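Take a look at the structure below.
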Amino acid sequence: MGERRDTTVIVGAGHAGTAAAFFLREFGYHGRVLLLSAETQHPYQRPPLSKEYLLAQHSTPSLLKGKDSYARADIELCLQDDVLSITPASRQVKSSQGSYTYDHLILATGSHPRFMATLGQADNLCYLSDWDDAGRIRQQLGEASRIVVLGGGFIGLEIASSACKMGKHVTVIERAPRLLSRVVSEAFATFIGDIHLGNGIELRLGEEVREVRRCTSGVRVDAVFLSDGQLLECDMLVIGVGSEPRMELATAAGLACASGVLVDEHCHTSDPFISAIGDCVAVCPSPGHQLPRRESVQNATEQARLVAARLSGRPVPPVQTPWFWSDQLQARINLAGERPAQGQVIVRRYGGDKVSMLYLQDQQLVAIEACNMPGDCLLARRAIGQNHSLDLARLVDADVPLKDALHFA
């Protein structure tokens, strides 16, 4: 009789879960790897859903891995296999297709859009979470001419950008007094907002949708009432007001949860045989010190690599500088590092729609916000956290290449 193989079950086949499966093999893990997905599609890239796909540049999902890659890597991909419950005491997962016993479980359940129950449902009221949602939005965009987007974060602005490129009249409504209030500085948000305004997108900041008006049949929204009483007619309403972690399974299993599934810096949950990664987690490196959830492909990949290395007995890789990107209209936005609450800001203006905002603390570069300057962001990522020497006099001069100001050869 052959020796029993360890089994790692991964719940969720988004960026984090799929990356974890392949990193396990890359790091020499010889156990059984099961990757469970409730979706019908092979694991696919999420970022294009709010951009290229809506513009009909993609008719099928951009897959994370080729369909035959899973069998070649000895990864058991189980599609349309919705996990129903987890029983930590017996280390069992019950799903719509059966049950699995695990030696280690990785939760990569992701997040879902924050729903606005007060607005109800309608055929042309849309949220974006997955491939099916994107298909519905694309269909509605093809029929609509006046689009209202509720939410001035990245998802809302990316969808607004796609609609604008299609020649639609777009209004973005944001309850905060500025765009991107949770993720970028006010100055950078203003810069990005000006690009949207310059392309004809209407921005209604400091406003909320109080209620919707429906057509006679009641199945479609034809207008929204704002908090100031104004009525905006529309053919389509897209809601992008943030996300919530999918942690129902974790909560029901008795795992510690708060604003996400709580994990330490090595992605251990409160159960020693369960890890959690990606958009569903909130890192709590020490008691009472919970970090904000990070929702990005880079973070999902880094956490997947970390857990796979740990389960494979490999050295845990060093933490990388966090980074993020977004495409909006003619703007390529790149962010890296952690913007400090206080510190020095250096703005390098290159003219037109190009700018880099560098954030220093104790004479060290700690973050960058860049628009249409991806090279600056790559250089900054190399310098952040490296105790790198800076030439402040040259750093403030946009005519001096950033490479030279950072003393890179």
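Each residue, glycine too, has its Cβ placed from N, Cα and C.
What Swiss-Prot says about this one:
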type: BINDING; residues: 7-38; note: FAD binding site
type: BINDING; residues: Gly151, Gly152, Gly153, Phe154, Ile155, Gly156, Leu157, Glu158, Ile159; note: NAD(+) binding site
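Annotated features, which come from Swiss-Prot, shown on the structure.
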residue	record	contacts (Cβ under 8 Å, 6+ apart)
Val11	FAD binding site	Gly17, Leu36, Val83, Ile86, Val93, Leu105, Ile106, Leu107, Ala108, Thr109, Leu249
His15	FAD binding site	Gln45, Arg46, Leu64, Gly278, Val297, Ala300, Thr301, Ala304
Ala19	FAD binding site	Leu64, Ala300, Thr301, Ala304, Arg305
Phe23	FAD binding site	Ala304, Arg305, Val307, Ala308, Ala309
Phe27	FAD binding site	Ala308, Ala309, Ser312, Arg314
Leu35	FAD binding site	Ile10, Ala13, Gly17, Thr18, Ala21, Pro43, Tyr70, Ile75, Glu76, Leu77, Cys78
Gly151	NAD(+) binding site	Val172, Ile173, Glu174, Ile239, Gly240, Val241, Gly242
Ile155	NAD(+) binding site	Ser50, Leu128, Gly240
Leu157	NAD(+) binding site	Val149, Val172, Leu179, Leu180, Ile192, His196, Ser326, Gln328
Ile159	NAD(+) binding site	Ser50, Leu54, Leu128, Ile137, Val149, Val238, Gly240
Could you state the whole-number distance in Å separating the C-alpha atoms of Gly153 (NAD(+) binding site) and Thr7 (FAD binding site)? 39
Around the C-beta of Thr7 (FAD binding site), how many further C-beta atoms are within 10 angstroms, looking at every protein chain? 17
Of all the binding-site residues here, Gly31, Gly153, which one's CB has the most other CB atoms within 10 A? Gly153
Does DSSP give Ile159 (NAD(+) binding site) helix, strand or coil? helix
Reduced DSSP assignment, Leu35 (FAD binding site): strand
